[in-house]
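Below is one structure; the comments refer to it alone.
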């Protein structure tokens, strides 16, 4: 019944950031040649002699369909003979989790490792036992069991063989693609994609392009949360840094909705920049911003920094040059109800940096409405207050009684903001790692226009006092480097930043920090350079 089949020797498909598909062991022909037993569909070397541990279902693979470019799901139907143990119900959990057996248990999608034992497979002596179960293994015969496993299975009623019908739904994406795609020099298959809402985004090498529709359909089939699979093309829009892409499976729908940092973002994925791998970095930076401060987001995109910061209670200037990004940032501002604390603009980043300090001073934000909470939150806070009073009373500490709280109709205001928002920027964000460093010259003299404002001079008691006392903003500049060692990366980044800022930036500058964000490619890392803007730069006189 069994046919001669290939062994899948491909790495797993990995979806980032949300989930990981099962891994298939990578075995080379040389490793097979060194096995003490012949390698067939089920035949395995004893565990103690195998150099490489196999995944639970590594000895079962789909039929080889190498070279096919169109997906035929019926081509993966297969009848497989497997070894199973007839076990009493009370023993099943103990045997399944036993160290000598757990790696032998059948592990295939939509195939149960434990099933009811058919009457025809139960031994005659045990047919009166109710509820017999079959514990299935990924082996075909008893001789393939390691000695330790045989010893443990002496507690089973019998070892039997059964035939299981497997099909397309029983194989994961790695196994299907491994059975279809030809071997390459690197012996790999398309290994990763990112998810953005309902869209799976792949970056296929040229050698896989003839198979792109098959690859896309398999990935779509095996990930029910996706509706669209796209492949990034080589064309990149230099000004706005987004890629052209092609739908290779599913709906031709680029309008994605993503939930991140407690906010909802909707945008057209085909003409704006969004990277789902950066959500932890977004959260890290936003955590540095106290509520009530002013943030200037120079390259805000659709708002991954600006929207959560505004929702947190910061006052945000969100700017981008891409009209589509600005359109969706405005839409997301409405969706997340942060209109009072997010001001959106569409100008060049160089100009935005130059005018932002004066903009905030001369046109400060209106005070934001106080944050509100529901009655449920109000009740939780009241219970917490009572608990603290009871603890104080038990400890013999004086207790101040408060008047009963009035019950509002729906919501109550808590912890109001300061009555007047700040008129100075606390943080600049420059999230365009490919070129943000080249925008640093715009900070030279960006505070000088404030010296012409009488209110600014009066606030600090004179021009020189203002230069000395005004609080300088933090600058967070994202960038790439080809240097992999962190020491060399720091030298490279600081040299380029110093040149563009016309100021010698060193690790000794105020509030300096260099944060490694992620590795983008084998010789390309992303960093966030943070420092407090030097007064000598901000107030420098041109000419």
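Backbone N, Cα and C define each Cβ position, glycine as well.
Sequence annotations record features per position, and here Swiss-Prot assigns S-adenosyl-L-methionine binding site to 282, 320, 321, 348, 349, 431 based on sequence analysis. The Cβ neighbour count for residue 282 (S-adenosyl-L-methionine binding site), using a 10 Å radius and every protein chain shown, is 19.
The feature region 'Disordered' is assigned by Swiss-Prot to 366-405.
The annotation transit peptide is assigned in Swiss-Prot to 1-59.
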Whose Cβ, among the binding-site residues 320, 348, has more other Cβ atoms within 10 Å than any of the rest?
320
Do any residues at least six apart in sequence from residue 431 (S-adenosyl-L-methionine binding site), in the same chain, have a Cβ closer than 8 Å to its Cβ, and if so which, in order?
297, 298, 299, 300, 301, 304, 305, 478
10 Å Cβ neighbour count around residue 321 (S-adenosyl-L-methionine binding site)?
19
